[in-house]
Amino acid sequence: MHIIKPSWLRHSGEQKDFEVYSCHISPDGSRLATAGGDGHVRVWSTKAIFNADHPDHGKPRQLCHMSHHLGTIHSVRFSPNGRYLASGADDRVICIYQLDSNPPSHTATFGTNEPPPVENWKTHKRLVGHDSDVQDLAWSYDNSILVSVGLDSKVVVWSGHTFEKLKTIAVHQSHVKGITFDPANKFFATAGDDRHIKIFRFTPPPPNATQHDMVNNFVLETTISAPFKSSPLTTYFRRCSWSPDGNHIAAANAVNGPVSSVAIIERSRWDSEINLIGHEGPTEVCMFSPRLFHTQKPSDNATDKGSPGLVTVIASAGQDKTLSIWNTNTSRPVVILQDVASKSMSDLAWTPDGQTLFASSLDGTILAVKFEMGELGWVATAEENDKALQKYGGSRKGMGTAEDVDGLHLENHSKEGELRGAESRMGALMGDFQPEDKGKPVTTNGSRPTAKNGEANGTTEPKEKEAPKAAPAEENVEKTAERIAELKSRVQVTKDGKKRVAPLLVSSSATGLLSLPQSQLVGAKSTKTTQSDTPQTILDLSKPSHGLPRGGIAAMLLGNKRKAAAMEGEEEDELAGRRPSAGPVPILIDTPEGLEPAPLSAPAQGVVPTPEYLRPAVISPAISFSQTRLAVPKVRSHIVRPLEKGVLQGESTLDEASKVPENIVLEAKNPIRLREPAHISASKRGARLWQDYLPRAIILVTGNKHFWAAACEDGSVHTWTPAGRRLLNGIILESQPVILESREHWLLCITSVGLCHVFNIKTMSAAHPPVSLAPILDIAITSLSLEGPTPAPGVTSAHLNSVGAVVVTLSNGDGFYYSSTMYAWQRLSESWWALGSQYWNSNDSSISALSTTAVGPVTAKNINGTASSTTTTTTPDKPDTAATAEVGVSAGIIPHLERHTTSEFLLKGRAFTLQRLIKTLLSKDGFEGFESTVSVAHLENRIAGALALGAREEFRLYLFMYAKRIGAEGLRGKVEELLNCLVGGLLQQKGAPTNGGGGSGEAKGWFGKGEMLGGWERRELLKGVVLILGKFRDLQRLTVQYARILGLTADGEDEENDDNNGGGGGENGAVAEEMELEEQ
């Protein structure tokens, strides 16, 4: 062990040495940053420090110094990627510095003894958000956020990409003096003078996150107070540290009885059973070494089972001027260094290799303690560190070096797409737009307009030709300026009679162009249509044809599961107890004239109420033998349904339905006596269009611009054309219909025995055989009871989409879709995802923006600047009607079902209880990766549902969200499988037969070899996924191969440009053959 304390390593002044409050090492270990009472941040060369005893060492000692604060600087921290340096001071400001590659423009400061700067660190941002001194700073391990704490009791979260303020957390009751991050990137902890440590759970925000997006992020997980109940309030800092394996937090300024100590807090349980005792005064700071250590020297051929145990090393220091170093293998300190400074120790910093410790003191000195190999142990590899973090669902993914030049090129393209998405979203929020002519191409995010007529990128027309096109834009600007001048000159008379110019709202005076660079402005048309998280189409579901009762249609089941055998005699007692004492209530009575409705019994007051319905429908005998029984609608005297613009509206009165003259009103009247026929008619503007009579009472009606339908209480369904001509013979069903829906030429009918029928009136065929609702009503887990049927979840709605697929929702929140190809129900939404998934009821806004600005196949351009291959081209002879018809199929169904699940979930009042159960579950051993696993599974469920439904827009959106998540999680196996499935038959030569392609050109499912998947070309989907995965360096060895096929690498772009200029090249074909050999 060597202690290095150079005399020049200090913050020197003219009369004294200033206090050093903070120190930190850069991720590459080459720089030491210190902050002191002189208001300077100084950057030192660690190589010069290690060679301080060599007088012939000619390297510069101080690399740079920055004095952009107005007071004492309390904290300085490098970002984990080494790109930024942050400092916080008592002037309430946080400065973000960035290293400029250009040499410094100035020499030594005039009138001082400061050496000339070697590096050029420039102020990148100044963050203002605290009301008092900024006491400590910390970066998340993925650089996504920066958190600052201060004497104003606030915890402020800043974006690590845009440095916007994301959230201000005020949960501490006193000064906050310490902050540390979980290396698994799940939590961060803050320590304050209220004698509490607060643990916050967070999800790393995307690069374009805003304060509005983070409302439900950064949630307080727990509060720890036991080790600090009588801790002194005299310490300047309470700097805590998280162990590199994620298991423990070391908290400074704790007490164990009357003795000062360092509390070791265990993860998950969040309690402190271990205390490091040895300091004679309160501790200010403790710091874990960033590396794990082996207690024994590992052999070169040691297996995982035979490798020695791993330990962590921690250093602590405080007001007793003593530096102690511990490891988890011994109960006593490894080394104690006393009186290493004349005043209190303020901060500690380890080098990335874990072998050298730097310490700063309030006496103005900085020392380095360098250990020899084996003194602390033998440093474990970075892979072993990552392996220790995997049980918590975190690792240092994406922090390695780029795979090669192509990998770096792909990463730059990926980040450019994210940046365009962030700028596009910011432009939408700020209302940026440019006055444009309709004939002028829309420029998105400052990119060049799409080339026309085969022009190559970069070629522009002469300015003389563009002048006439700019005239309308200039006219719009002039009109806007005139309006603003008129608003500014408006005079207002106050109450006391004085005249003054009325104030003008800033937003109303916007001229359409902000004082931002043109690259940050976004076209109004593009921002309005591309920045929504949900597809910009109407919901592809039929509107409910009649109002269902609250809670849905009641359902009863005779289950398949056998109940435990009951004792003899118990069943009879239970049946006797269930019999009503007043006897059965009559529905019909037998009179000489036939069956008549039973008269209503007079109430106690003697007033007979007016019934809302005539009578219950006559129950079909088939329901007695069915295991599933749904409630049958009652027979109403009058049913009125208006048809507005081809869409059937809800039930209303005849006066309300006739208010709109264009409405066609369908009216059904049921007689009071059973022997009289029911009357049905359609009218418009009071004139009857057609009428008809039916021998049975009508209980349900539906219709659209293609046909009308009515269901009777005898189980028959009748259909008419819009002019009143009967389409089909009466369709006889097994029991009374309880739900009747229509969509275009499709008719849905669900009967009281739970059978679902779907008819195509145009082709006079059925979409599939009748299917029972029993499986989705949980009949498999319902016990077979002798006393009678068991209540089941109610059916709250049943819909048809434009291709005749059935979607059913239940009162328990579940949403189902019936697959006519698999002949089975599929659950698309359930409350399970609401509890465990981080994507519930939300989309990744960065992916929504990215899919439309970087890799979108319709409006965006490819990386090489050419138009996207899926941009539809039409000719006068053959318009592209099929493509436009397929865009809206099943649009919005999955978000609709998830919103329904949330509504039912909250309506039942179960949300709070189940959330507490999940929170308790997450704190148990073995469930550390629960949230991450469920979130990935939820995205996979969304993708499968969108693919089955044919929801084109949702499929692409969820696929890109899934690719981003599994890339961030480092799930290499899933990434490789996803890319292989997306490739399909792209690697096969043209003209070769494709297995599974069929004759339609589109192979459904992941394993097909056709060119289409989910309504998109496989090449476009593969390109989008590769661009999203391109920034994850751990996956670049895999993604670069696909990028070469798609021409996203530098060589691929050059070759494609050569092809456009007439040249030929075969590299893509060679790469394709190479990948085919690898797959084999």
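Using N, Cα and C of the backbone, Cβ positions are placed for all residues, glycine too.
Record features, source Swiss-Prot:
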- 469-496: coiled coil (COILED)
- 442-460: compositional bias 'Polar residues' (COMPBIAS)
- 520-539: compositional bias 'Polar residues' (COMPBIAS)
- 430-479: region 'Disordered' (REGION)
- 520-546: region 'Disordered' (REGION)
- 1051-1080: region 'Disordered' (REGION)
- 15-54: repeat 'WD 1' (REPEAT)
- 68-107: repeat 'WD 2' (REPEAT)
- 129-168: repeat 'WD 3' (REPEAT)
- 171-210: repeat 'WD 4' (REPEAT)
- 232-275: repeat 'WD 5' (REPEAT)
- 278-336: repeat 'WD 6' (REPEAT)
- 340-381: repeat 'WD 7' (REPEAT)
- line: Using DSSP three-state counts, the residues of the repeat 'WD 4' (171-210) come to 0 helix, 18 strand, 22 coil
- request: Name the range, of those listed as 68-107, 232-275, 340-381, that has the largest tally of Cβ pairs under 8 Å with the repeat 'WD 4' (171-210).
  value: 232-275
- prompt: Apart from its near flanks, which chain residues at least 6 from the ends of the repeat 'WD 5' (232-275) lie with a Cβ under 8 angstroms of it?
  reply: 21, 135-136, 177-184, 189, 191-193, 197, 199, 221-222, 224, 226, 281-292, 310, 312, 314, 316, 318-319, 344, 346-348, 362, 385, 388-389, 392, 394, 923-925, 928
- prompt: Roughly where does the coiled coil (469-496) sit in mean pLDDT, to the nearest integer?
  reply: 55
Task: With DSSP as the yardstick, break the repeat 'WD 6' (278-336) down into helix, strand and coil residue counts.
output: 0 helix, 23 strand, 36 coil
